[in-house]
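Features reported for this protein in Swiss-Prot:
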REGION    1-226  region 'Pyrophosphorylase'
BINDING   7-10, K21, Q73, 78-79, G140, E155, N170, N224, R329, K347, Y362, N373  UDP-N-acetyl-alpha-D-glucosamine binding site
BINDING   D103, N224  Mg(2+) binding site
REGION    227-247  region 'Linker'
REGION    248-455  region 'N-acetyltransferase'
ACT_SITE  H359  active site, proton acceptor
BINDING   A376, N382, Y383, A419, R436  acetyl-CoA binding site
Amino acid sequence: MIAVAILAAGKGTRMRSNLPKVLHQLGGKSLIERVLSSTQNLSPSRQIVIVGYSADQVRTEMQGWPNLEFVEQTEQLGTGHAVQQVLPVMEGFEGDLLVLNGDVPLLRPGTLQKMLATHQEHQNAATILTAQLPNPKGYGRVFCDAQMHLQEIIEDRDCTPAQRQNQRINAGVYCFRWSALAKVLPNLKAENDQKEYYLTDAVNYLDPVMVLDVDDYQEILGINDRKQLATAYKILQDRIKDDWLVAGVTIMDPDSITIDETVELGTDVIIEPQTHLRGDTKIDTGSRIGPGSLIENSHIGTNVQVLYSVISDSRVGDNSRIGPYTHLRGNVQIGEKCRVGNFVEMKKTTIGDRTNVAHLSYLGDATLGTQVNIGAGTITANYDGVNKHPTQIGDRTKTGANSVLVAPITLGANVTVAAGSTITKNVDDDVLVVARQRQSVLPGWRPISSKQTEK
């Protein structure tokens, strides 16, 4: 049985923010959510979050995790003091306790699984995750024997020049046999310059204690300021894009592209520069996205091309072409083999297969049939100042340039709307509708000059 305790009481002063540090976002999730997610493959029986600064705000933001338990550290007196707060709620627990920092969001689930397996296989009282840093300056060094049993931890300022050659540092992730840790936690003393209780001091009372090196030292990056948050985001993006490159996706300029973890990509998808894929987005096989596009919470079908466009909460059917400079939002449904082109905006609109909206149009609250052609400058006037109203357009209907369809309105099938028309009444099937004032010509007319008006 495994319990998880996450240290999340700190303010994060160096973030220079009113938001608790663990609630800052990294790739669409808060730091603490990422830490929690990394533990889920362990199937923990208990998940305890130790809160302090803005405790109520952290509780509120974590309501999506219904099985969490919260304990409060009213004074932030060190890591050992934080774990002491779980003693009352862990009474009678038999198993292991995994202790993690809420601001270390890049740990891989496999690393924690390996750590727990090592801990249980060797029946350790404690197992400490360590990392070999290229430049460990400022970090305490961890010393162990050839069998990876801990010998001692020495702070950087106390190391000899020879000891500073050791690159192994404490990653701040621990797995304890709870029955052993519970006995020593009350004995911790704040005998240091900071007058804090350190969890590493508890390790001195435990035996056996082993260390385990993480495979990639970037996993243990802690977030203390915005610069480190940006570094973590780049590491996270590199992981995601590397995985997709291996899976058969072409990413033409990885440094200019961002992809959320929740995105799904088919084989032979091509992502061009300056493209951003966010949220619950799915892009099917053979589609080409970008350059310069943003797609969020949308499903793009097979062999679709999206160029310099923004798509959110929408769906695009197979073999369609979107853009350049198209904006689809709020549950737009595009059929197969459609063309939606330059400077077109759609909101809450469905268009059937082989329908074209090629230029300079706004369609809102509209339903279009198949093989419809919307002329340049066509507008659905769907808002009367109070309510939104629907527009229905039948199959194979064509609207001329600069048409206005004043909703609520229905156009039948095979209708042709003359250019420049403003349509205010329903139109039956198979007709030409012209709704514009006849052109008037006044021979010999001249405008009054400005000099004449001054007289």
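In case you wondered, yes, glycine gets a Cβ from its N, Cα and C as well.
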Candidates L7, K21, G140, Y362, R436 (binding-site residues) - the one closest to N224 (Mg(2+) binding site) by CA: K21
Collapsed DSSP category at H359 (active site, proton acceptor): strand
Cβ-based isolation winner (fewest other Cβ atoms within 10 Å) among the binding-site residues N170, N224, N382: N224
Which of L7, A9, A376, A419, the listed binding-site residues, has fewest other Cβ atoms within 10 Å: A419
Whole-number Å value for how far A376 (acetyl-CoA binding site) lies from R329 (UDP-N-acetyl-alpha-D-glucosamine binding site) (Cα to Cα): 20
Nearest-integer angstrom distance between the alpha carbons (Cα) of A376 (acetyl-CoA binding site) and Y362 (UDP-N-acetyl-alpha-D-glucosamine binding site): 10
Nearest of the binding-site residues (L7, K21, G78, N170) to N382 (acetyl-CoA binding site), judged by Cα-Cα distance: K21
Candidates D103, H359, Y383, A419, R436 (recorded positions) with Cα within 10 Å of K21 (UDP-N-acetyl-alpha-D-glucosamine binding site): D103
Residue numbers, six or more beyond the limits of the region 'Linker' (227-247), whose CB comes under 8 Å of its CB atoms: 15, 24, 26-27, 105-106, 218, 221, 254, 257-261, 265, 267
Binding-site residues (G78, G140), the one with most neighbouring Cβ atoms at 10 Å: G78
C-alpha spacing of D103 (Mg(2+) binding site) relative to N170 (UDP-N-acetyl-alpha-D-glucosamine binding site), in angstrom: 15
Where R436 (acetyl-CoA binding site) sits in the secondary structure, as DSSP reduces it to three classes: coil
Largest tally of Cβ atoms lying within 10 Å of a Cβ, found at which of the binding-site residues Y362, Y383: Y362
Site with most surrounding Cβ atoms, counting all protein chains shown within 10 Å, from the recorded positions K21, R329, H359: K21
